[in-house]
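K.L.:
So that we are looking at the same thing, I have put the structure below in structure tokens.
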Amino acid sequence: MDYLSHLNPPQREGVENLEGPTMIIAGAGSGKTRVLTYRIAHLITVKNVDPFSILALTFTNKAAKEMRERIEKIVGTDARNLWMGTFHSVFARILRAEADKLGYPSNFTIYDTEDSKSLIRAIVREMGLDDKVYKQNVVYSRISGAKNNLVSWQNYMNNSVYVSEDEQAQKPKMGAIYKEYVQRCFRSGAMDFDDLLFNTNVLFRDHLDVLNKYQQRFKYVMIDEFQDTNISQYLITKRLSAVNQNICIVGDDAQSIYAFRGANIQNILNFEKDYPDLRVIKLEQNYRSTQNIVNAANSVILKNAAQLKKKVWTQNDDGELVHLIKSTSDNEEGRLVASSIFEDKNNKKLENKDFAILYRTNSQSRAMEEALRKSNIPYRIYGGLSFYQRKEIKDLLAYLRFTINHNDEQSFRRIINLPKRGIGASSVDKIVVAAFENDLGIWDVLQKSQRVLPNRAANAVDNFVTLIKTFKIRLEKADAYDTAAFIAKQSGLLKELYDDKTIEGLNRYENVQELLNAIKEFVDDEQQEDKSLEAFIADVALLTDADNEDKDNNDHVNLMTIHSAKGLEFKHVFIVGMEEDLFPSQMMLNSRADLEEERRLFYVALTRAMEKVTLSYALTRYRFGRLKNCEPSRFIEEIDPAYIKVDRKFNRSEPMGDLNNGSSNSVYAKNLVAQRKTERKAVPPGKKLHTPSPDFAPSDTRTLDTGMKVEHPKFGFGEVKKMDVQGANRKATIEFENFGEKTLLLTFAKLRIM
Ligand code: ATP
Ligand code: MG
């Protein structure tokens, strides 16, 4: 592929100049990510650089995956050997290899946010502090902030700024909690997300031989979305590229939206100081969006005082003006957005996946979901409660984690009495305290539990220890899938879910099966180098929801927060909830800097669109359980009026035209009426609910056999692939057209044989 001809001159400069430090600072949609992608391809194909020596850091796993796929199209399977991923995933991999240098086991556990918060809760309780003062979220973000500024607990406790801030906030024990939290994680052989960066810094700072090894290995370092890196990330890359200086960063200061999490725009400015020989490339032509969208976005960002001056222009058509729709309530907002999608889909021959609905906070998705469901428009929510956050999934993962690392306190707490073994909360506390007081791991205490527990509980713990030992033996002999399946069964988890015959119970049972399927897929995946259960668990810990692509059905409307839309593009973008206090967020109105960050967020949202942007606001909205009157966001007015228009058709303060006219021929009006009549139960995001045939009546399934066609009231049409008739629980494995393969218990499943 002649990729160089797909680049304009400054882009080419970015791709062809491979030696020395390079910074590409450019506006949205100007091809920054494309330059990085082609640059890597160029290194491999033209310069014969070994992919193993290229490190590329992206903001999400999804971005890394997409980039790898594009590079693979140019260079072939060599692309698999690139070191490419998020900061967290790449450095978790390095930490695993070097863990012993820091005193961690190489199979250390990665605590997710929930694990961290629950540990903080436990510590606050144990220290006898008031959890209304030391709220878990507050403590968590305080510790996280410190770590991301590379402030250890020792430095924290000696730092007069932190200490006096805590005193003023009447939280003097913050430092003590931080200390206890770090020590507990360490004893559990666990790192939280921030530790992955913090500890990498410690590793490179204190072990120069290790640093040197990676400096030699990574001859070329590249970072996308550089504007959102924090100090900790900045220092890691600076150390890594200190010797050969082949570092290339791309970013856009106007899209910096993570200052609240410690990202620092100063990093871009420092970069020029750190690398005096820096080559700076500016890209100004936007290839993504229409003129009107580019102009609208430019007019907004101009209002920010803090920005590097740059032009963004496009040769694309003018396109449509930005649309503005107004509704009386959040529910109606959902309906108007759904009808607008429905209409544009028909009129412009678009697919569902061409649409994105973006919002400021996750909770806004509810009204949108409801409306889309009623309109039978498939959708997918990114960043909500992901599959891996569900209780039953976390339960099994905790068993797997504990089998790998017997000192993981959070997993221990989760599984020690699950299923119930008669080990109560006070026994659990005694074990944790004993570990703490004697400076032992949980596992040491568990093996001698009779010293701290009454007989009955100690016996139960003994059985648990034996169980875990059998799991460990399995882990050492069998592959990841066999081990996980064995543990799911022998732990009693599967049985407990199986015995719960409610719909939810069945759902949970299916979810656990789905997790096992995922492990099977992982084991069967040829691209996977390391197929161990440890590797699977490490991957899962770093998954964000945006990474779980639904393979069977990719055509769905995308729902996500603006933060998770970074770097992505869609033909049509709806930005909903354009109201004061919601966007800009009430919490971000305290300072000019905060307001400017909100404005950059709005800029990011607008620039995701290729062809059409629709802004929407409601006059009333339920917030925190109360109906509130809302005012339109100031950001609407900030768009130059030349580029925006009120959409009369979808505007509740205007006559409703078609919508109120029952005899209308408009397709969407008819559809709206039909939609309002259909109320449906929840379906998994992105899946379209099946409407059973009018004459649907369940058949007697005793004659069911492979090859038969069936209809299921929820999953629709499918074909029987396998029958399992042993024992009392007859099961059929059915391949459904829209839902893929499912194994159903015939006592429950209402099937119609066709
Ligand atoms: P963002 O700031 O949102 O991350 P970006 O600067 O990374 O945007 P890309 O995503 O790389 O921009 O490119 C935006 C769109 O423009 C993509 O669809 C890309 O394929 C296309 N594009 C980039 N450069 C060119 C070019 N020279 N010719 C044609 N299309 C291009
Ligand atoms: Mg990009």
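Along the chain as shown, the residues are counted starting at 1.
Positions of Cβ are set from backbone N, Cα and C atoms, glycine also.
Annotations for this protein, taken from TrEMBL, read as follows:
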type	residues	note
DOMAIN	5-290	domain 'UvrD-like helicase ATP-binding'
BINDING	ALA26, GLY27, ALA28, GLY29, SER30, GLY31, LYS32, THR33	ATP binding site
DOMAIN	291-567	domain 'UvrD-like helicase C-terminal'
REGION	677-705	region 'Disordered'
K.L.:
So which other residues, same chain and not among ALA26, GLY27, ALA28, GLY29, SER30, GLY31, LYS32, THR33, have a Cβ within 8 Å of the centroid of the Cβ atoms at the ATP site?
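P.N.:
Everything else in range on the chain: ASP252, LEU283, ASN286, TYR287, ARG288.
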K.L.:
DSSP on GLY29 (ATP binding site), three-state: which is it?
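P.N.:
Assignment for GLY29 (ATP binding site) reads coil.
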K.L.:
So if I take the binding-site residues (GLY27, SER30, LYS32, THR33) and measure from each Cβ to the nearest atom of ligand 2, which come out below 6 Å?
P.N.:
LYS32, THR33
K.L.:
Within its own chain, what residues at least 6 apart in sequence put their Cβ under 8 Å from the Cβ of GLY31 (ATP binding site), listed in sequence order?
P.N.:
LEU7, ASN8, GLN11, LEU283, GLN285, TYR287
K.L.:
Which of SER30, THR33 (the binding-site residues) has the most other Cβ atoms within 10 Å?
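P.N.:
The largest 10 Å Cβ neighbour count belongs to SER30.
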